[in-house]
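Okay, so here's the structure we're looking at.
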Amino acid sequence: MNFKEAAGVQAADVVTSGMKVGLGTGSTVYYTILELGRRMKEEGLQFTGVPTSEATEKLALELGIPLAELWELEPLDVTIDGADEVSDSLDLIKGGGAAHFREKMVATVSKRLVIVADESKAVAKLGAFTVPVEVAVYGWRSTARRVEAEGCVAVRRERSGEPVRTDNGNYILDCDFGLIVDPGAVDRRLKSLLGVLETGLFVGMADTVYVAGPQGVRVLKQQAGE
Ligand SMILES: O=C[C@H](O)[C@H](O)[C@H](O)COP(=O)(O)O
């Protein structure tokens, strides 16, 4: 079992029958979703999922997991998702797979956000990974200029020479801020800019993080009052 699988499978334990569950996106929570599908078939686990991306929706449907729209189910009991960076205070950078807009929307209406990651994602402070920022296609160069004025270098994400489009049809700017001392302030400043739709900074949202490494799976919990 690789580290992503170890974290992903263990975190599936938080789901019990009757729950409404946000299903995250990426190569780590993939294993959580597989495990939930297995428990559904083999152990009779019953739950309803809300997918955070088209890729996750496809996977869940292949596994026979019942799905619903966010508005039909909110508030959700828990969302399980991956992350690109997890800081000591459990703040996150997400959106390496361009799914952070829907992920944040689903996590925001969930009573709990549980994160699964391998040790390579754990950092003291955020910032080695660039911050993905979803922006409207119209006027994106102007938006990028406003974003850069906040103290970063912003590069439009491309694949094979073509701009990446999110599931919502927008562009991603990958923004290099260097070390981020106050992620909440950076998130608020970016969100106030015209053309910015969502950032990949998830501040104070995760309550539990499963981090897998050579020593096994560590379970980190948000301290009360943080
Ligand atoms: O947009 C993608 C999501 O935020 C993912 O959860 C994040 O990029 C981590 O993905 P992975 O588990 O594949 O590293």
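Residue numbering: from 1, along the chain as shown.
Glycine too: its Cβ is placed from the backbone N, Cα and C atoms.
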From the candidates K58, K121, K125, give the one listed by TrEMBL for the same substrate site as T25, G26, S27, T28, D81, G82, A83, D84, K94, G95, G96, G97.
K121
Taking the Cβ of T25 (substrate binding site) as the reference point, list residues of the same chain whose Cβ is under 8 angstroms away and which are at least six residues distant in sequence.
T52, S53, A55, T56, D81, G82, G97, A99, R102, E103
By a 10 Å Cβ neighbour count, the lowest-scoring of the recorded positions G96, E103, K121 is G96
